[in-house]
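Over in TrEMBL, the protein carries these features:
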{"type": "ACT_SITE", "residues": "Asp114", "note": "active site, nucleophile"}
{"type": "ACT_SITE", "residues": "Asp116", "note": "active site, proton donor"}
{"type": "BINDING", "residues": "Asp114, Asp426", "note": "Mg(2+) binding site"}
{"type": "BINDING", "residues": "Asp116", "note": "GMP binding site"}
Amino acid sequence: MRMPKKPFVAALHSSSSSVSSYSPALLLFRPPAPYLPTAGYSRSASKGPMDGVGMEGKRLLAADLGPCDGAGDGGAGNRRIWSSREWGRKIAMGKQIFCNRSLNMKNIIAVGFDMDYTLAQYKSETFESLAYNGTVNKLVRNLGYPCELLEWTFDWKYMVRGLVLDKKRGNILKMDRHKYVKVAYHGFTEMSKEEKVSTYGNTLIRDSFDEPDYALIDTLFSLAEAYLFAQLVDFMDKNPGKFAYGVDYSRMYKDVRAAVDLCHRDGTLKQIVAENPGRYINEDPLIVPMLKMLRNSGRSTFLVTNSLWDYTNVVMNFLCGTHTSHGDSAGDYGWLENFDVVITGSSKPRFFHEENRANLFEVEPESGMLLNTDNGNLIPQVGSTSPRLPPKYLKKACRVFQGGNVAHLHKLLSIASSSQVLYVGDHIYGDILRSKKILGWRTMLVVPELEEEVEVLCQSRGMRKNLQQLRIEQDLVEDKIHHLKWSLKFDIFDTNEEKNLSAELHKLELQREHVRCLHQNAQREFHQKFHKVWGQLMKTGYQNSSFAHQVERFACLYTSQVTNLGLYSPDKYYRPSEDFVPHEYDIIGL
């Protein structure tokens with residue numbers, strides 16, 4: 001069994017400041033009210049994981065000398081790239097890069113990036129709300145759904161990544177790494193333990209959880225459609241007569257996906273973002289310094305995105321170029337200086353298959369015109385046999401393409417071995433899994449939620465320790481109960497001895513129930529420190545979540561922001577921490 005790695009455990013338990021000892025009275029938490037949307041599904045945004053943490057608690061965290069120092073603080077060292085004179089050696093835990101498999105950057109000759117939700121971090125409260133409203137409009141006006149949907153609103157904090165939608169049953173699931181369903185909701189109604197076991201307890205069912213009956217919420221783009229699906233499930237259960245004959249949960253999900261695709265195909269979403277990118281995209285002043293540092297270290301940099309050139313130029317110009325908050329300088333192509341090759345309209349994950357025969361076109365940045373190429377070499381245009389010169393404003397020629405496949409990219413960058421490429425993306429299946437399994441590229445996954453998760457984890461170390469102590473106490477009490485029951489069944493006692501042992505057994509059983517309730521309430525409180533409904537992103541109870549399992553399997557590195565790469569030497573040797581199996585914990589004293 002693969003166990004959590006040492007730094008993760010150390011982050012929970014190691015600190016020079018004292019951790020409060022176990023006190024049952026501190027753990028008598030009152031179970032909170034269920035998390036339900038209000039009538040009409042109009043909700044204000046739910047509180048985030050940090051809500052309710054007082055200033056005193058934040059001061060204590062800042063004063064703590066443990067491994068979580070500066071978990072939520074940018075710090076001087078986190079605002080400067082590694083190559084700057086002002087660089088600070090200490091990197092806050094929320095900004096660190098975590099390693100699953102050894103990666104020596106000296107062996108990397110090219111570093112590639114996805115754009116959406118990697119270099120460009122969208123603001124969920126505005127961008128996902130925009131996508132949600134567009135999808136609802138398409139459902140009503142194009143697909144004939146009830147007009148009541150137009151009154152609904154989107155709670156952008158409700159859904160998280162790593163969930164699975166059961167299309168047939170209208171359920172939303174969170175599983176551990178063994179594919180056991182730990183948290184399940186039908187629409188917005190929590191399923192009981194008995195319902196979960198009866199529905200998903202079968203081993204054969206547990207081994208699937210994949211298309212076509214299930215949908216994976218593995219990217220931040222999917223949060224709005226998952227929330228809308230839950231709303232539709234609740235609405236259909238209460239108003240079955242408002243839907244056409246034959247419409248079931250699966251059909252509703254299919255329609256939601258169709259509406260989402262319509263929003264992207266007609267260009268309305270991207271047009272709105274392009275008109276005011278500052279409203280929908282977070283600025284990050286460290287992107288350009290990070291890219292320049294990588295290029296100055298002798299490495300090539302490239303961009304591979306599914307977005308087409310017109311939108312890519314607006315977004316990247318906002319992030320890397322001279323711009324206004326309204327993106328008025330879309331005609332400035334200076335941001336291309338930061339890359340050797342840019343491939344737009346890549347159609348990932350198909351792009352990663354060499355047998356993909358998609359044509360590779362070169363894009364003329366000024367006009368957006370597509371020029372025919374032969375394996376990356378320009379084919380002379382009719383009426384002109386002279387090659388097109390690179391724009392004068394580029395110090396080094398960056399070529400822009402559309403389509404093609406990974407073989408084209410390797411040739412353009414003169415890459416001899418796939419292991420010489422590090423690719424940074426946000427999508428487990430679209431960016432990381434395919435590039436890792438098919439190509440053997442080295443991979444880094446961007447998990448924006450990680451920064452806040454680490455901060456809450458650090459603040460909850462005392463609670464985590466109490467949970468572990470309660471588990472130990474529960475085990476000890478149960479062992480005593482089992483031993484007494486065995487003795488009463490097989491040993492011979494006189495009447496008084498048997499009466500005393502029976503009384504002791506009754507006390508132990510009461511104690512076990514008391515500790516069980518304490519543990520259950522404490523675990524619920526700990527769960528809701530991270531998210532009211534779904535809990536910790538990387539955990540379900542004491543097991544790694546299915547999302548964490550995917551991160552461990554397919555991402556060589558993972559971190560909260562792409563620019564964290566700039567906080568480390570471009571020649572750094574990333575080494576994983578030691579793995580542990582259960583028998584080692586007590587021996588090593590973790």
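Backbone N, Cα and C atoms are what each Cβ position is placed from, and that goes for glycine too.
For Asp114 (active site, nucleophile), the Cβ neighbour count at a 10 Å cut-off comes to 26, with all displayed protein chains included.
Most Cβ neighbours within 10 Å among the recorded positions Asp116, Asp426: this distinction goes to Asp426. The two recorded residues, Asp114 (active site, nucleophile) and Asp426 (Mg(2+) binding site), have Cα atoms 8 Å apart.
A gap of 8 Å separates the Cα atoms of Asp426 (Mg(2+) binding site) and Asp116 (active site, proton donor).
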